[in-house]
Ligand code: G16
């Protein structure tokens, strides 16, 4: 029976030693924190990926990125065989492995091997990629060291977006052993072109025309989007890349998180024009938001909720046209704007479910539907389709029993689902999907923005000594601990028309997040400040006290 090769592991563990007392926990999307002092976590996650690969008899992905976080942070996202995020039951194992001392490392790994019944003699394969952070090169080397210490075959893809690595892992495990970055571009470029052809075969409306300007957060999305655009051809889609990392800092005053939270355009040099389409990615290009200016030059944001609504209604229309009866649903989180939930469920009569923050939670709920559209308001989302549902749509496209128009709708739906990266939210493929729908509908960004009017909303952050003192329930919409906090929030919320507010500890930053919405922006801002103050006072706030606003 094969055993752990302890000597080389321990030698390398010395090189990637854990700083004394350093503790981390697996967050919303893996480990995340200040890059300095995290080297051992990457080394150990390289080893964990090998154990998982041996257990699953499949390739596991390891992405080195801290996504929307500031440049000095870093993090690691583990990717399971079908391109989904690491299964939740392994998060605890990951946390224990990251936190034991070097002396306990072998014992902890043996514990994982025994508890999971892992055959150490099985082969292991790990795919690794990284974002553009200055710390990412060295930290991806730490992952490689961990994975090779346990004898895995490693493929280092260098710079990729997170969704590109998800795509590659899923395709490879699905039997396509020639999959690589180039194949990613070919796949999505061809799928997009095929969908546009379907649109034309409908002889639909006017093309959207004009360009789309994309703020790539000075991250890895910039060079990758340029490549994707080249594969599609500038005559087909004109993508102007902004914040390409040549001068600005990653995620600083730009990117999807900045635009969504601040509800304003990136600070540097966009010179926005009314009705032009603008979009922002985050640092690893797994989030997308759109925005524009209205005719009075007011900033108009089209966030993940609006993308979800656009996708879901488009899919519903095609299903109706093709006369295909399947269960379509939308999954949101507590951050979804009340108006979006109302529009999708009441006006469009599409089922809506609510999940906890974190795409891993939404993805799971979405896969219970035949077609599940899931998006977080922050722009992270995609569409999932059950295999038998996809087969049903495909066979409708060629069925003798269907009318020509029904077959065309089924064909178009098949083409649309091909443009979407079903493994995880992918800013590049979501961008193509949005552009294709607008083109098909002959819609401007203003037409899209008008499908519903958002309730004014605000997000805030509060620093507390220990954010784990806050515990929540009901998809994070209610606080259970500290016990005095929820009644206090309820009392304040009741004072505002259409008021809603909730708080939850972030799983990617050392803060408590506060969300508020109500009838006017002024009321919403007051509500957000008052709830922030409650968090500060009842959950051990530190640093500057949020200013009361009464
Ligand atoms: C990650 C997760 C998202 C989540 C976000 C914020 O995004 O993948 O699902 O919404 O963190 O999480 P929290 O509010 O817990 O900090 P990303 O794009 O940063 O990887």
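Along the chain as shown, residues are numbered 1 onward.
Glycine is treated like the rest: Cβ placed from N, Cα and C.
The domain 'Alpha-D-phosphohexomutase alpha/beta/alpha' feature in TrEMBL is assigned to 55-92 (among others). Secondary structure of the domain 'Alpha-D-phosphohexomutase alpha/beta/alpha' (55-92), assigned with DSSP and counted as helix (H, G, I), strand (E, B) and coil, comes to 7 helix, 14 strand, 17 coil.
Cβ neighbour count for residue 282 (Mg(2+) binding site): 34 (other Cβ atoms within 10 Å of its Cβ, all protein chains included). Under the heading Mg(2+) binding site, TrEMBL lists 67, 282, 284, 286.
Positions annotated as active site, phosphoserine intermediate by TrEMBL: 67. A simple way to gauge crowding: the CB of residue 67 (Mg(2+) binding site) has 29 other CB atoms within 10 angstroms, across all the protein chains here.
The domain 'Alpha-D-phosphohexomutase alpha/beta/alpha' feature in TrEMBL is assigned to 119-172 (among others). Summarised as a single figure, the pLDDT of the domain 'Alpha-D-phosphohexomutase alpha/beta/alpha' (119-172) averages 98.
Under the heading domain 'Phosphoacetylglucosamine mutase AMG1', TrEMBL lists 180-289 (among others). Broken down by DSSP into helix, strand and coil, the domain 'Phosphoacetylglucosamine mutase AMG1' (180-289) contains 41 helix, 16 strand, 53 coil.
Per TrEMBL, domain 'Phosphoacetylglucosamine mutase AMG1' is recorded for 303-443 (among others).
Neighbour count (other Cβ atoms within 10 Å of the Cβ, all protein chains): 24 for residue 378 (substrate binding site). If you look up TrEMBL, you'll see 376, 377, 378, 504, 505, 506, 507, 508, 513 marked as substrate binding site.
Feature annotation from TrEMBL assigns domain 'Alpha-D-phosphohexomutase C-terminal' to 461-531.
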Of 282, 284, 505, the binding-site residues whose C-beta sits under 6 angstroms from any atom of ligand 1 are 282
Between the domain 'Alpha-D-phosphohexomutase alpha/beta/alpha' (55-92) and the stretches 119-172, 180-289, 303-443, 461-531, the largest tally of CB pairs under 8 Å belongs to 119-172
Nearest to residue 505 (substrate binding site) by C-alpha distance, among the binding-site residues 67, 282, 286, is 67
Least crowded of the binding-site residues 284, 286, 376, counting other Cβ atoms within 10 Å of each Cβ, is 376
DSSP puts the residues of the domain 'Alpha-D-phosphohexomutase alpha/beta/alpha' (119-172) at 25 helix, 13 strand, 16 coil
Neighbour count check, CB within 10 A, over binding-site residues 505, 507; minimum at 507
Not counting 67, 282, 284, 286, residues with a CB within 8 A of the CB centroid of the Mg(2+) site are 65, 68, 131, 161, 162, 219, 256, 281, 283, 285, 287, 380, 427
Among the binding-site residues listed as 67, 284, 286, the Cα nearest the Cα of residue 376 (substrate binding site) belongs to 286
